[in-house]
Amino acid sequence: MHIMEGYLPAIWCIVWFVVSIPVVAYGVYKLNKLVKEERGILPVLAVAGAFIFVLSSLKMPSVTGSCSHPTGTGIGAIIFGPAITAVLSTIVLIYQALFLAHGGLTTLGANVFSMGIVGPIVAYLIYKTGMKAKLNFYLIVFLAATLGDWATYIVTSTELALAFPAGDILTFGGFFSSFSKFVAIFAITQVPLAIVEGAVSALLFKYIIQAKSDLLVEMKVIGEPLVRKLRGLPA
């Protein structure tokens, strides 16, 4: 998913920076507010950030100028919301660009938009919808992480197709031709990777509920009755 350094035309680098900066700035505001109100959340914040870093570093060859890997943003989106997850993703993406030659600084805006903004938004919406529908909790986490991952790659395909349309982008034919090719190539690796990510995310959330369920209840991520049920405690 990480679009490599220098691959996008300058105009698209600027566009994605302009789109991403306000969301990340809002996320910084929310993160500062959260940490001031609840210092005990720092260990969970660290786990969410580490999960994003580890999973998104497991890259596989894919579309020219990009790669395939899990994103790890579903957990952060469920617990902290999309804005704070955008900040965590930005920190991870900057580190990977500087020290792992994974992604790039000029393409940072595009990578943040796909992995740090759209993916978490989709995961968050899936989680909220699933909770309202009273689905199995771990199934909700699985779906949120899986679909959030797929959304990231759909957006990355869109970014690449806009930058490199097969023909005149103004006719949209060139865009859709390129988009379909990028999506098809990504799907070979990303469909199974996202499913694995969903399963791992559900397992990690099970651990978090056992270790820090009080913070999740306090942040209104999950209600006390459901926590007791998931932990096998009497109602």
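Every residue, even glycine, has its Cβ placed from backbone N, Cα and C.
A Cβ distance under 8 Å defines the sequence-distant neighbours of the transmembrane segment (8-28), meaning residues of its chain 6+ beyond its ends; these are 82-87, 90, 106-110, 112-113, 116-117, 159, 162-163. Annotation source Swiss-Prot lists transmembrane segment at 8-28 (among others).
The transmembrane segment annotation in Swiss-Prot covers 40-60 (among others) and rests on sequence analysis. Sequence-distant contacts of the transmembrane segment (40-60), counting only residues of its own chain at least 6 positions beyond either end whose CB sits under 8 Å from a CB of the stretch, comprise 1-2, 34, 67-73, 75-76, 79-80, 85, 88-89, 91-93, 95-96, 100, 102, 115, 189, 193, 197, 200-201, 204, 208, 212, 215, 219.
Annotated transmembrane segment per Swiss-Prot: 74-94 (among others), in sequence order, evidence recorded as sequence analysis. Sequence-remote contacts of a segment are chain residues at least 6 beyond its ends whose Cβ falls under 8 Å from one of its Cβ atoms, and for the transmembrane segment (74-94) they are 2, 20, 23-24, 26-28, 30-31, 34, 44-45, 47-49, 51-53, 56, 103, 105, 108, 111-112, 115-117, 119-121, 123-124, 127, 141, 144-146, 148-149, 197-198, 201, 204-205, 208, 216, 219, 221.
What Swiss-Prot lists as transmembrane segment is 107-127 (among others), and the listing cites sequence analysis. Here the transmembrane segment (107-127) has Cβ contacts under 8 Å with residues 1-8, 12-21, 23-24, 56, 71, 73-74, 76-78, 81-82, 85-90, 93-94, 97, 140-141, 143-145, 147-149, 151-153, 155-156, 159 of the same chain, all six or more residues outside its ends.
Residues or ranges marked as transmembrane segment by Swiss-Prot: 135-155 (among others).
As annotated by Swiss-Prot, transmembrane segment applies to 160-180 (among others), with the evidence given as sequence analysis.
Annotation source Swiss-Prot lists transmembrane segment at 185-205 (among others), citing sequence analysis.
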